[in-house]
Amino acid sequence: MTGRDGGEAGLPRITFDKVEKSYGSTLVLPPLDLTLEDGEFTVLVGPSGCGKSTTLRILAGLETLSGGEIYFDDRPIGKLEPKERDIAMVFQDYALYPHMNIARNMSFALRLARAPKSRIDSEVNRVAEMLNIAHLLDRKPAELSGGQRQRVAMGRALVRDAGTFLFDEPLSNLDAKLRAKMRTELAEMRDTIDKNMVYVTHDQVEAMTLGDRIVVMNAGMIQQQGTAEELFANPVNRFVAGFIGSPSMNFLAGEITADRVQGQGFDLPLPPGLAERAGARAVEVGIRPSSIVLEGGAPIQLRVIVSEYLGAQSVLVTRCGNVDVLAEIASVDRIPSGQTRDFGVRTEEIMLFDRATGARI
Amino acid sequence: MLANANRLTPYLFLLPAVAVMVVALLYPIGYMIWASFLDWNPSQRIGEADFVGLRNYFNLLGDAAFHESLWVTVKFAVLVVGIEMVLGVGLALLLDRELRGMTLLRTVFILPMMIAPIVVGLIWRYMYHPTVGTFNRILDSLGLPTAPWLSDGDWAFASVVIADIWQWTPFIFILSLAALQSLPKSAMEAARIDGATGWQLIWHIKIPLMMPVLIVTCLLRLIDAFKVLEVVLVLTNGGPGLSTEILALRISRTASEFRELGYAAAMSNVLLILLLILTLAMFLYTKITEARAARVRAAIEEG
């Protein structure tokens with residue numbers, strides 16, 4: 001019905017070409033270039049107000065472009081109505097139609113397209129089976145729990161059989177346990193359903209677990225894009241380093257002297273080459289909580305403020321000079337609060353950032 | 001002792017309101033019901049009037065003028081409320097957008113509602129005037145035949161309907177607009193992505209979601225339209241003939257011109273019963289929606 005062959009061949013490559021958005025004289029999205037390969041699960045991630053939702057809504061056609069163009073393969077779509085873009089969308093608040101039962105919610109698009117009744121029924125039933133919501137088809141949205149509504153919203157998008165799926169923070173209204181469960185199901189769906197998927201979230205855990213490609217945004221700008229591993233191992237700047245990874249990276253102000261970096265309460269050797277690249281300048285030293293160990297590594301003295309026991313791992317909130325430093329260590333012994341003791345830092349994992357620009361050195 | 005006093009406190013606070021209700025509402029209604037069983041003219045005190053039982057009501061059954069009034073009232077109410085609903089909701093759908101000057105436009109739209117009904121009647125009477133009225137002068141200057149706005153029965157009824165529509169469409173407009181603006185934005189966006197055109201959005205999403213507000217608005221307007229008096233009184237005083245004599249006017253004339261207070265009271269009671277039915281319909285509707293909401297809540301707590 002949609003006129004696509006199915007499979008990768010039918011999915012468009014989505015290109016943002018200097019896409020811009022402003023409200024009146026306020027520029028909310030400076031020119032943005034981005035290419036999403038066909039069949040990819042792309043996650044736009046960033047703090048609230050970073051422009052990720054606006055980007056998604058522009059792609060959906062719910063917001064107009066103030067400049068630039070979006071291409072599906074070579075076809076410009078920036079002026080098309082949402083319905084002409086072959087997209088389906090899952091909203092943060094699910095956006096179900098309150099007056100229709102679940103079956104009618106899911107079949108709305110097909111009914112508008114005047115699809116034959118037999119096809120509507122079979123599609124709705126197929127998707128409802130897949131998402132385990134077949135027993136809810138007669139109910140109204142108000143009679144469902146949050147998790148069930150979430151599934152229905154997914155189901156409504158899936159029934160569409162559109163080429164591109166857009167997700168606008170679909171899990172953020174769920175409680176933590178349900179969110180983890182739905183995240184797993186989404187990851188499963190990603191592998192079984194061959195579609196373009198663009199997913200917006202502020203939660204870096206969702207981004208890391210779901211995205212083939214993660215696009216980190218801040219203040220309307222793309223900071224970096226890549227796989228979860230690339231972003232974690234090789235952040236290009238302080239923002240990405242601090243945003244990706246949980247608990248997040250520690251930053252300490254320091255100065256480079258010869259092949260060491262020093263600051264309040266620490267004096268650490270640097271791996272070969274890094275000090276030369278940095279030269280003599282003011283830096284921020286980035287140390288991941290997981291780079292701090294109890295045995296071995298370059299010595300550093302930290303005062304333990306709080307010990308958060310999480311089971312196999314503990315997160316220690318410690319203080320170095322007057323800066324809080326998080327350390328993630330195996331819970332071998334309970335480390336009492338208030339104690340100052342020696343820790344080790346795996347120096348090969350230390351990152352340096354320019355203190356003025358935030359760029360990775 | 002103290003616990004007892006605490007339980008009674010709310011009623012103590014309600015007492016003034018209850019007292020006002022009894023004096024201002026229940027007493028006159030009781031008086032009216034009692035009067036409807038009497039053959040009573042204004043020169044008598046109520047105690048001197050003869051008790052005639054249900055005779056006033058039996059007389060109403062056979063009173064052609066009363067039947068005509070009732071019919072005019074029902075025709076009037078259904079017609080004006082129907083047209084006002086279509087226009088009011090239509091305007092709200094049109095004006096539910098962010099445009100420059102929209103706030104001002106909305107204010108202008110609701111002006112007619114703020115004018116006292118008597119004044120509305122006067123304004124329209126001048127505009128309907130056969131020789132110097134706005135409408136006939138416009139028709140005349142265009143070389144068209146003028147219309148007997150208030151002097152022909154059918155025209156007079158239409159004129160009264162137009163004036164009422166002019167005055168009360170804004171009421172439906174502002175309530176519909178408020179309803180529209182409180183609709184969930186994302187459901188509308190979802191519908192656009194699902195492929196709904198502007199009209200489909202209105203039919204399948206907006207109107208059904210506005211329905212609870214629209215039903216209550218419609219009933220409120222019906223209740224009001226059944227009681228309309230001032231505008232008609234000033235415009236036509238019920239004429240020509242009985243063509244615009246709505247029930248409220250008939251009642252007031254029965255009491256003041258025909259000097260039959262008991263008979264007027266019986267008519268008032270019939271009107272009251274009509275309005276009660278409408279009001280009960282409204283209560284029933286809210287009760288049903290509340291019961292449904294309660295069932296939904298129960299279903300969620302179970303599941």
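Glycine is treated like the rest: Cβ placed from N, Cα and C.
TrEMBL annotations:
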- B:70-282: domain 'ABC transmembrane type-1' (DOMAIN)
- B:12-34: transmembrane segment (TRANSMEM)
- B:76-95: transmembrane segment (TRANSMEM)
- B:107-127: transmembrane segment (TRANSMEM)
- B:155-180: transmembrane segment (TRANSMEM)
- B:201-223: transmembrane segment (TRANSMEM)
- B:261-285: transmembrane segment (TRANSMEM)
Excluding the flanking five residues on each side, which residues at least 6 beyond the ends of the transmembrane segment (B:107-127) place their CB within less than 8 Å of a CB in that stretch?
91, 95, 133-135, 150, 159, 162-163, 166-171, 173-174, 229-235
Paired segments the transmembrane segment (B:12-34) and the transmembrane segment (B:261-285) in contact, 3+ CB pairs under 8 A:
yes
Same-chain Cβ contacts of the transmembrane segment (B:201-223) under 8 Å, 6 or more residues past its ends?
77-78, 81, 84-85, 89, 93, 168, 171-172, 175-176, 178-180, 183-184, 187-188, 191-192, 275, 278-279, 281-282, 285-286, 289
Where else in the chain does the transmembrane segment (B:261-285) make close Cβ contacts, counting only residues six or more beyond its ends and a cut-off under 8 Å?
29, 32-33, 35-42, 49, 52, 56-57, 59-60, 66, 70, 215-216, 219-220, 222-223, 226-227, 247-248, 250-252, 254-255
